Each structure stands twice: as structure tokens, then as C-alpha cells.
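What follows is a set of notes on a single structure, which appears directly below.
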Amino acid sequence: MVLIDDRELELLINDVFEYHGFDFSGYSRASLKRRVDRLIHLDGFKNFGELLYKVRTEPDYFKHMVEEITVNVTEMFRDPLFYKVLRNEILPIIGTKPFIRIWHAGCSTGEEVYSMAILLKEANLLHKSLLYATDINGLVLDVAKKGIFPLHMMKQYSENYMVSGGKKDFSHYYTANYGYAKFGEDLSEKMVFSQHNLVSDGSFNEFDLILCRNVLIYFDKELQEKALVLFDDSLAKLGYLALGTKETIKFSPLQMRFKQVDREKLWKKIL
Amino acid sequence: MEKDTVTPRCKVLLIGGSAGSLEVLIKILPRLTAIPTFAIVIIVHRKSSEDSTLEELIAAKTTLPVKDVEDKVVLEPGNIYVAPSDYHLLFEKNNLLSLDTSEKVNYSRPSIDVSFESAADAFGPEVAAILLSGANSDGTHGLAEIREAGGIVVIQDPESAEIPFMPRNALENVAANYILDVEGILRYIQSL
Ligand SMILES: C[S@@+](CC[C@H](N)C(=O)[O-])C[C@H]1O[C@@H](n2cnc3c(N)ncnc32)[C@H](O)[C@@H]1O
């Protein structure tokens, strides 16, 4: 199996920026290196040079590379207790607004967005909400737009849903067909999907709640800080920021502007 | 076997295990009083739903500080770190820990191979790793990379393991520096 070394990884990062304008220099090296090794293995390259040449010369291959090196693993109601807090504590507060804007940054294939739509619907808030869902990877956005997920996951999702405080029959939300579960348009009509790169794209609206879960773990501290500044700029006063269960803003000077909600990975913007 | 003079000092001791490994940890941890020159990182297979019960169990068995592993915390000597459920634990060259939710490896997340390989890449000869009891082949490949990078490979003597499959698989594929029973493992750690 071909394993790249540090110098090769930096060469790839440099060339990707030079040839395609995508900057991966702020990505966590330990994880990025594994992803590139995996790509070399998947696509059967004999050596690093072959990969580099293809990335430089074939824009379609570069696109494929971005799709493969990003980690897109996700679930509906991932960490159900987090969703329970959203359901019981956060939605009742932001629900008093005439209009609710939510941003899912790094939404992957959309499971998180559909989970949120279900919460909003059950709180009778979906009609006045807009869910912006963005990702760097265009391929996962295409999946997210369709709202079609593997049927065999539904047992797990339905359990997660119940732990999150869901009281309905989860199977009401989708129709099963050929091994897939298609979620209804009543859920997706308030979703807007678009490509957005947290490294290089700016703020595009003001939000009451931003979820960026399990995305910052792929960034080094400097890039994490940059993303946090972007979220701060994009949050309304008293808006909320949600991160993944092992992510934190405690290393950032911006933490002064936020107040953590209990011991959850949820922070309220207070300044 | 290498002499101490050619082996750089160990800065991180990795302990990997699966079924039957907790029993070993429970015997060893209470008897470790201080680890001033290195950190211990424990990677054991765990259910994805359990929250922090493993950390609590380990903390109850040791007087050493058990650090809550969040993304990008610093790896510091003296502490014990436990790979959290549902994440792979990786090592950065600047001594930070990174987490990763990529695909399971050997049906596991955290995977022992993933952490062992990452430590081998980041710290080379400054790594020592112990592979304990288990019913899965996770860990073998990681040990091979640690060995190749000049680190120390310790495998629990399968005879002393509750489930010998995992250490036996490693022994068949990797040249171990030490093959030790539970007492031996304890003495080895104390000698570091
Ligand atoms: C592990 S998924 C997280 C999905 C979901 N938020 C969750 O917690 O289940 C990480 C996502 O971040 C996206 N991502 C990585 N780098 C990004 C960037 N620079 N800008 C936007 N999204 C990015 C990846 O494409 C991937 O879909």
C-alpha cells in the first residue's frame, strides 16, 4: 500500500491551491494524510506522482478528490440528547421570533437538516423557518436535496428520534421504496442547499441558530478560529452556535462573546 | 531487543484492546503512581451509544489525571487519555490530538489500528504500544507500523488473555519486542 510522506502531502496541498484555488493548508494533517492515502488506494495509483499529475491536469478528477477526501459520515438525530435539548430548550426560545433562520454548515448528505426539519415541524415552527444547508462537497449536496437515505438505517434513526423526545411514528416521515427511504417534501420545502467553503467564502445571512457539527475537527486551530469568526459574524444577537460533541470554542478568544448552555455543545451569543 | 541507549525516550504509551482488555486495565491502573515522562492513551472498543462511562470507570481506578479528550487537546506527559466513542483518535506532529468521524475500521470506531498508525507516523520511535485481549484483528497492522517506525511493540501473552485472538493475530504478523502477561505489562510500564 502506498503511503505518502509529509513532503508529498504539502506538495499536494500547494498544487491544489495553485491549480484549483482550493486551500487545504488549514486542514488537520493527521486526518488529511489518511484521506489521501485512502484515495490513492481506492483509485489504484501506483505512486504519489500519478495522483499529483491527475489532480493537476484533470479538473474532474480534482472534484472527485474533494468528494473523497472530505469525511461525509453522518446520521439522523446523531447524539439524540443534543436534539432533545434543541427540542425542549432552544426551539421554544427562537420560536418566539416571527421568522427563524438556521444554517447547517458542513451538512454532508443532509441527515442533520431533515432531523431539524422534523423538530421544527413537531414544534409547529417549520412554516416560518428557513434552513440553509451548505457544504464544500457538491456531491453530498445532491444527495441531501433528494432526501433519500438508505432504508436499513431507519431502525437506528427511529431509535435516535425517540431518544430525542420524538413521540410520533417515525415511519410517517418517509416512504420506503427499493431499499431507500424518501423523506417528504413537506420537510424539504423550507431547505436551501448550496455549495459554500468555510475556508474562503464569507457570511451570507444572519442566523438564529448555526449548526457546524463534526466539521471543525478536520481543521487546525487557526482555521477553526477563522470559521468561528465567520459564525460569530453570521449570528444574530442571542443566536445559538452548535458544535459536535467533542468540539469546543474554549480555545478561542471569541468564547468571551458566548455563554455555554449548560454543559451542552451549544453557545448563546451574548455580545 | 534494542538497548535503552539506542531507543529514544517513550513519550506516549498506547494501550489497545477489545473484549477482555478492561479487566487487564483494572488490574494495572491502580498500581501506576506516576508517569512523569510520558502520556498513556487508551484505545478500547466501545459501544457507540455509551457516553462517558468508560472514562469514569478508568478514572475510578487511577490516581493519575484522566483527561477529557476533545478535539485538539494537548498530549501532555503525566496524563491518561481515553479515545472517545464514535471517533477515531489521531495524533498531530505538534502534540495535539485530533478526532475524526470517518468510516469504521475493523468494524470499530475508535479503531486501534487508526490510532497506532497515526502515532507511528507522528512520533516514530517515541511510541510504545501494548495490545491486549480481544476477539478482533484490530491493532495488528498498527503495531507493524509502530515497529517499522522504530517504536516498541508489546503484546499481551495470549495465554494470559481472556480472549487470545487479538494478541495471537498480532504475534503471528508482527515481531514483538516483548510478550508479557499482566504482571509483566505492569512492570514494563513502571520501567518506562
Ligand atoms: C463529518 S461531516 C458532518 C456532517 C454533519 N454535520 C454531522 O455532524 O453529522 C463533515 C462535513 O464537512 C464538510 N466540509 C469539510 N470541509 C469543509 C469546508 N471547508 N467548507 C464546508 N464544508 C466542509 C465535508 O464535506 C463533510 O460533508
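Note: Cβ is positioned from N, Cα and C throughout, glycine not excepted.
Over in TrEMBL, the protein carries these features:
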type     : residues : note
DOMAIN   : B:6-192  : domain 'CheB-type methylesterase'
ACT_SITE : B:S18    : active site
ACT_SITE : B:H45    : active site
ACT_SITE : B:D138   : active site
Between B:S18 (active site) and B:H45 (active site), the C-alpha gap once rounded to whole angstrom: 5
Pairwise CA distance, B:D138 (active site) versus B:H45 (active site), rounded so that it is a whole Å: 9
Neighbour tally for B:H45 (active site), based on other Cβ positions within 10 Å of its Cβ: 24
Local Cβ density at B:D138 (active site) - other Cβ atoms counted within 10 Å: 28
Within the predicted model, mean pLDDT of the domain 'CheB-type methylesterase' (B:6-192): 95
B:S18 (active site): tally of other CB atoms within 10 A of its CB: 25
